[in-house]
Each structure stands twice: as structure tokens, then as C-alpha cells.
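According to TrEMBL, the protein has these features:
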COMPBIAS  64-79  compositional bias 'Polar residues'
COMPBIAS  698-707  compositional bias 'Basic and acidic residues'
COMPBIAS  708-725  compositional bias 'Polar residues'
DOMAIN    275-650  domain 'Cation/H+ exchanger transmembrane'
REGION    27-83  region 'Disordered'
REGION    114-156  region 'Disordered'
REGION    689-725  region 'Disordered'
TRANSMEM  235-254  transmembrane segment
TRANSMEM  260-281  transmembrane segment
TRANSMEM  345-366  transmembrane segment
TRANSMEM  372-395  transmembrane segment
TRANSMEM  407-433  transmembrane segment
TRANSMEM  445-468  transmembrane segment
TRANSMEM  475-494  transmembrane segment
TRANSMEM  500-519  transmembrane segment
TRANSMEM  531-554  transmembrane segment
TRANSMEM  566-585  transmembrane segment
TRANSMEM  597-615  transmembrane segment
TRANSMEM  635-657  transmembrane segment
């Protein structure tokens, strides 16, 4: 029996080889015989029925022996054939009609682009269908009409770039003849193995589509050592726009816009801050750190002077930036999630904020000799969370699947919005009481009037934004964006003019939240809200302005080392206590111990509110203020700036490092087409830590379709004989 099986395998082997030869030599057939073949290579009506290409594979149980003597020994001479190894290897699936010519076992196989194989499949078939196993029976040296040319034409742009790099490698090796070859004997790709190549490759972001380039571009500026033509042309356009706007401003304004003027200095500071933010972002740290450092550099080198009458302009720019910050905080809150876990959001947003603000107030009073009111003002500012730091870090974790099942990224972002609104509102109330000369009744009425007035404005303006403009309007997105922005600016300036400064920030956050609630009911997705995208663009403009101006307020030679050291101690003490308080009050929220501490760690970063409100107290002082009051205001400003420098990079690093160790990762892919708030394509998307191994998430629901496919394919354990049975 064993001998029969061995002979039968040998017969099949020879048959397949002859069939393969016939298929490869099809182009050499005579015209009349070639015309008798169908498009699929099957014999037509006039074809020879005894052709080797159509020999059936006999069943070992029923078919007679081909040589008539009861054995499966083939009469075909195979001594002259070279010995060949037969094996099956996995290969990438082919798309379209070329799949049959690519050497698949089943030439009539049609790939199903939407079918899963089994529950244990490790690859996705949502786009190209399940992969087939490809036979390597075909002689590698024989010419074949596979899809190599197609691949070359499809990826000709990449091949063109690679050819430019090959030229560089050849030139480099020509100058380095004394360098020995590598161990594999084929030399080294000096350019691609260099650190400069790796650095440039990481600096290049992925383009949404292939960019057009002149034919000479890659020869002169090879990618990724040089930017693409699209990036270069974008930079040229921005430079031209800036130059033209400067010419117009110089003609209208005059010397202020000329080199050496304050407006010109502000523009230069903004551009340099943006560049500094980009440099820092290459280290995966928040961009605002680089912007802040550039502002400090410009101030202490003497390249910028924004004091005097120009301080009024910078004050208005801060208010615009604050309006954008609070509007984005309201738009980031997911209405459905807020409705389900509003108790948890309010609990984790208010209680830890009160504790940190109280710790900062007490420590600043006893260690920095600040009055109680000034200490409360400082505590209200320092206790705020920075969405500009938290959101991008959480975005990277969410795209990798960390904490998605329990909604931890949504929880952290929602609490950050509540936290910022509370900080700005309390700051406005305290600031109004401190710098107002009105009676006690007016000061007592500040808190209830600001809270009720802010909430009332938010509800009214949110309802107006739902009706006007009409949701089917072709210009609904720009009209809603401008209407919301204008209304929020009126809330900020109007509340200040009425003497209830704390009502404006609450009104801004609540109007944005109510508007987003109604827009989501009309069909918009909170993760892909076009109005949020518009405010993200506004923030990209005002972010370097805000943090550049904030850094320019620090003069290193005037800093008091005692104030800096004690202030840093106060900041870290408040942060540590807040982390433990957050972990303590998160009981009953379906979070384990690691997740509780991660939530507390993610709320330690300070940036946006501190940059917007830190210098406000010093600006609000009247001309007849005492030197002691100015000293207190400078202490508040200094500690706010140093809270950004100390906590923003540390918070970003801790979120990235601890998130992969404290949060559960799901294998389910995350489609995050819209959840891109505060997210710019850059090297920040590359994790700065080594991720742990993936873990099965017990909360992932099983897919019925894949379970059924798993059961149906259970009998296909060995495909070598089942196809012929």
C-alpha cells in the first residue's frame, strides 16, 4: 500500500510539472491551436481531449492504474528533469484578474474582499480578502507573465526615489573605496544606514496622496533626506502670503510694522515660536514647550519688546486665545458619554480641583507670604488641566487601543474641559472681587450671578446655534463656526464689561457644549465635528502667539531663586496630593487601581490656562498700585510660567510611559478618522517607549460570522487530498 501511494504521488508530481510547462509555453502554440483555448486556459470545442493540461487527477480509491499493471508508475521519462523541491509558502494576496496568473493553486478562485476566515485570524480581510497559499512549483528561472511589471508601474514613484538613493550610495562608495565590504559581501547602504537618513525619515509625515513632482526633483533632492515637492511648495506659499501681508500692514500702519517695530517683533516671535515647537515635537514632547522656550530666549536676548502701549494688543490676543481654548473644551465633551457618567465626570473634575487649589493657596500663603486672596487667585490658576498636553498623548494611546473599552480617554478629556471652565470662572470671580472698589453686596453676589448667568447664556446661545443657520444650508459649517466664535467673544468681553468676569468663561464652555449636543442630534459626530476642526485651525494660529508671549514675560536676571524653588515645591506637592485624591475618590467607577492612578497622572500637566491667565493679574494692576502688590503679581506670573515648564513635558512623558503599562489594550482595531483634536501628523505619533505584548480583552464581543466560518472550515485541516476526493 505504501508503494502504491508513493507511486501515486510521483504521478501527480509529473502531471503538474507537465501542465505547468504547457501553461508557460502557451504563447508558443500555433495560432489554430491557441484559438481553440478559452480565455481561462481551458480547452475549447476543437481542443485535444487527451491534452496534458486537462488530465484529470485520478482518485486512488477508484481509478485504474495508468500503466495497466496495477501500479501508479508513470510512463513519462523523468530522468532528464532536474530534481526540484516542492513546498507551499505564504504570499501576499493578489487583486483582480492577475491573481490567477500569479501562480495560485486554484486558478478559478475569486477573492472575497469582505469575508473573514476564522476567529483566530491574525490579519484583516476588510480590504483585500483572505490570503491564499502559493505554490512554488514553477521554475524560478523560467520567464513568466506575473505582475512584476504591474508592481513596478504602481510603485514607480517609490522606485524612482529608491534609484536616487542608490545613486547617492554609489557616489559615497566611490569616495570610500578603502572601506571594506560588509560581512554579507554585497557592501553597505551607507546613506540608508546613517543616522541622518533615519532622522529625516522620522521627520517626514505621511502624505494623504502621491504628490506631483518635477522630473528632476528626486535627482537633486532625494527623499527623505530632502522634503517632498508638496512640502516645499507649501512652505513657499506660506512665505509669500506672509510677505504680502507684511507689505500691506507696513503701508497701512507704518513704523510699528517695520523691522524693529513692536508688531514686526510679535510676528517674528510667532514664527520662531512655531518653529521651536516643531523642533521640540520631534522629541515627542508637546510643541508648547518649544514655543515657551523661544519666548524666554527672545526676551532675555533682547530681540523683543512688547511693553508699553502694545501690551493692550497682547492682552486682547490672550483673550482671543482663552476663548478658543474654552470653546474647544466644550466641543470636546461627548454629550452621550457626559449623560451616562456625568456624576463621575463632575466628581473627578471638581473634588481634585478643589484639593489642589487649596493646597496651593495654603502653601503660597505660608511659604511665599502671599495674602489669602492672592493665594486663592494663584490656586485657581494652577489647578487647571491643559488639554493641549493631555489630548495628543491620549490620542496616541487610543489609536493603539489602550483604555478604549472603559472609555478612559473620553473621561480624561471631558474632565479637563470641566476643570478649565471651573478654573477660569473662579479666577474671574476672585479677580473681580480683588480689583473692584464696589460694596460687599456686589462681591457676595459674584459667585451666584456668574454661575447662573454663565449657564443661562450657554443654554440660550446653544439653542440659537441649533436653529440658525438651518442645518441644510450649504454654508452651515463656516456660519456655525463664526457664529459660535463671535458669541463666545461677546460673552468674554461682555461679562468683563458688566463686572461679572466669571460668567463669561462658563458661558463659553456651556454654549459650546449645548451647541455640540444639538448638532450631534442632527447627525454630526462628536469625533468628526467640522466646527471643532475649524477651531483647531484657529488654535494652530494662536498657540504660538499665546505661549510666545507668555515666555516673553520671564526675565531670568530678575528671577528670585527662593521664589522659583518654593514655587516648584508647591506645584509638585499639589500635583502629588491630587493624584492620590483622584485615585481615592474613583471608587465605584469600574476602574482598577492602575487605571485610577493613570487618570490622576494624566491631569498633572499645566499649560493653556496658566499661559492665558498668569500675566492677567499684573496687567490688571492700576497705575497707583503699590510695589508690594506688583511683587505679588510677579510671583503669580512666575509660578504660572514655571508650572508649564515643569509639568507639561513631565506629564506628556508619564502619560506615554504609564499608559501602556496601566491600561488594558484591546486587539480590536480603532477607526479614528475624526478623533484628531490637537493632533498634527509628526514624529510625536511614534511612541517613546517599548510597548508590552498585546493582551486579550475579555470584554470584546465575539463575532458570529467569524465563529461560523471557523466551524465550517474546521474540516479543512489538510488540503492536499480533499480537493481531489
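Cβ atoms are placed via backbone N, Cα and C, with glycine included.
Curation plays no part in TrEMBL annotations; they are all automatic predictions.
Contacts between the transmembrane segment (566-585) and the transmembrane segment (407-433): absent, as fewer than 3 C-beta pairs lie under 8 angstroms at sequence separation of six or more. Ranked by the number of CB pairs under 8 Å to the transmembrane segment (500-519), the listed stretches 372-395, 445-468, 475-494 are led by 445-468. The stretches the transmembrane segment (635-657) and the transmembrane segment (260-281) do not meet in space: the count of Cβ pairs below 8 angstroms, excluding pairs fewer than 6 apart in sequence, stays at fewer than three. Contacts between the transmembrane segment (475-494) and the transmembrane segment (597-615): absent, as fewer than 3 C-beta pairs lie under 8 angstroms at sequence separation of six or more.
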